[in-house]
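J.: First the structure, which I've put down as structure tokens, then a few questions once you've had a look.
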Amino acid sequence: MDKLKCPSFFKCRGKEKVTASSENFHVGENDENQDRGNWSKKSDYLLSMVGYAVGLGNVWRFPYLTYNNGGGAFLIPYAIMLALAGLPLFFLECSLGQFASLGPVSVWRILPLFQGVGITMVLISIFVTIYYNVIIAYSLFYMFASFQSELPWKNCSVWADDNCSRSPIVTHCNVSTMMGDIIRVNKSWLSTHNLTCINGSEAYQPGQLPSEQYWNKVALQRSSGMDETGVIVWYLALCLLLAWLIVGAALFKGIKSSGKVVYFTAIFPYVVLLILLIRGATLEGASKGISYYIGAQSNFTKLREAEVWKDAATQIFYSLSVAWGGLVALSSYNKFNNNCFSDAIVVCLTNCLTSVFAGFAIFSILGHMAHISGKEVSQVVKSGFDLAFIAYPEALAQLPGGPFWSILFFFMLLTLGLDSQFASIETITTTIQDLFPKAMKKMRVPITLGCCLVLFLLGLVCVTQAGIYWVHLIDHFCAGWGILIAAILEIIGIIWIYGGNRFIEDIEMMIGAKRWIFWLWWRACWFVITPLLLIAILIWSLVKFHRPNYAKIPYPDWGVALGWCMIIFCIIWIPIMAVVKIIQAEGTIFQRIVSCCRPASNWGPYLERHRGERYKDMIDPKKETDHEIPTVSGSSKPE
């Protein structure tokens, strides 16, 4: 482009001149798709995908699963499940979004009967987005609390009670009275009368670590249960607001702005993990922690247990973020001929290797904590919230320069959470863009910020004194088998109904023709292995389903009922949309069902120059409402 003929504050398309304040400010002048826009660089997309896939679970769940399921032996079922379930689904979703340049709802023009599957994905993403930013708020609070000369949870302070102790607490013992009698008394009577226990008569119970009481009494101000909502914890509410402001600022121009932010948020966690690993490796007891994680404690007999294989499959499935709609949304902004196959391989391997790498950083520090406390590693290792906000902060408090290491750790959790959150919000805004393209072009910024504001307000219940119970409730119901149902229907719909061979032909239009042997593995997985594995995991999850509880506190009946209502609200759109599409179709009931199982007449590559002979008769995909209703004649495309 000649800058003398077209100043920098104009966008040029041939001889046409469009001002920079144009409605399409989120579309670059070099973008292939001038309606939706494309990633500015391939690296923007790859880092966004890595940031989406690599999240908090890689740090606080995978290391514990590895330790709990045989150490290094667990990597065998983990790698097998990656090949059989994770990678096939990941590749399928990346290809689907890139081929049609549509988000997770509109992409179901491929199979109108299953459009509810896309709605389910988006709704579950919305629920998870609400509580995920609360976890980011927790990280912000702990990061700010670490800016002190001494970490506030290093010692039992004014907020602690009598159970706060790093050593076991005497509950009962024998004492000698002034009359010479020996009686057995409890702890409170002992302290009231200022007496001393007779040696060897003490009964002990474990004390609560300062970090545990800080988490419950200060950070959460946790109530006695979900029934006791309490007040909004104001500093958590402010941290939640800050988290949403960061997300909104990163996404105000869509992928054009978030694609730049991820250069920091996706890469920085690796820098911190490396620093923590180097520091942890220099500490006493680090080798013991690592040996528990993946070395000498490897137990290959564990591989005979079905639970180990289920854990491997579940971890792969959720870690890669398949069936949430985000992979389809992010891939929809790729250029048509992008090599989505190599992208899928790179992102999946990066995600899995990150999980393994994070385990070394976590267990080296936990090994040191076990060493200085005189405990076994198994006694200090935790998972989930307990690892991130109790066990690891406790270990960091024992290190010289604890505040520095704590700031690093919680800033890492912040960045890990943010880039996953970016993709989740992009999933929502992409859906809105596909359904209301004109509104999104004119008002992308207010719509994006409006979404963030609404989700912030919905998340306020999660920063009350009962907030942690709400976070756990949504996670327990919405982030579980609802996603499995969506994934199973997705792969059955695309491979078995739309046609696996036809889908492979679509992929070859993007990445070029491949020899039949290349597709042999993918056919085996897509047609048989992957759906069977997902069905097995779903059945196992339903059989093993249990009422939620947090910190051994059971949920009230109304809380459990609310959890069921949330997940039913998400998945009920699958049959609802199927019925709607059948009613809108023409012909007898059988003809209507058959027509809804055929692609809509506007299904295919978004841009005309990519349609080739196979899709030459397809209707412009921008014409949505009049042509998305299937007819008896079905798609104009040949089978």
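Backbone N, Cα and C atoms are what each Cβ position is placed from, and that goes for glycine too.
Pasting the relevant annotations from TrEMBL:
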- 620-629: compositional bias 'Basic and acidic residues' (COMPBIAS)
- 620-639: region 'Disordered' (REGION)
- 45-62: transmembrane segment (TRANSMEM)
- 74-92: transmembrane segment (TRANSMEM)
- 113-144: transmembrane segment (TRANSMEM)
- 232-252: transmembrane segment (TRANSMEM)
- 261-281: transmembrane segment (TRANSMEM)
- 316-333: transmembrane segment (TRANSMEM)
- 345-366: transmembrane segment (TRANSMEM)
- 404-425: transmembrane segment (TRANSMEM)
- 446-473: transmembrane segment (TRANSMEM)
- 479-499: transmembrane segment (TRANSMEM)
- 520-541: transmembrane segment (TRANSMEM)
- 561-583: transmembrane segment (TRANSMEM)
J.: What same-chain residues lie close to the transmembrane segment (446-473): Cβ under 8 Å, and 6 or more beyond its ends?
T.: 126, 129-131, 133-135, 137, 220-223, 225-233, 236-237, 240-241, 244-245, 247-248, 251-252, 254, 385, 425, 428-429, 432, 439-440, 548, 550, 553, 555, 559, 562-563
J.: Cβ pairs under 8 Å with the transmembrane segment (520-541): which stretch of 74-92, 113-144, 404-425, 561-583 has the most?
T.: 74-92
J.: Is it true that the transmembrane segment (316-333) and the transmembrane segment (261-281) have 3 or more Cβ pairs under 8 Å, skipping pairs fewer than 6 apart in sequence?
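T.: Not in contact, no.
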J.: Below 8 angstroms Cβ to Cβ, which residues of this chain, lying six or more residues outside the transmembrane segment (232-252), approach it?
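T.: Beyond its ends, the transmembrane segment (232-252) has Cβ neighbours at 133-134, 136-138, 140-141, 144, 219-221, 258, 261, 418, 421-422, 425-426, 429, 444-445, 448-449, 452-453, 455-456, 459-460, 462-465, 467.
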J.: Under 8 angstroms for C-beta pairs, at least 3 of them, ignoring pairs fewer than 6 apart in sequence. Is the transmembrane segment (345-366) in contact with the transmembrane segment (404-425) by that rule?
T.: no
J.: What stretch of 113-144, 404-425, 479-499 shows the most Cβ pairs under 8 Å to the transmembrane segment (74-92)?
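T.: Stretch with the highest Cβ contact count: 479-499.
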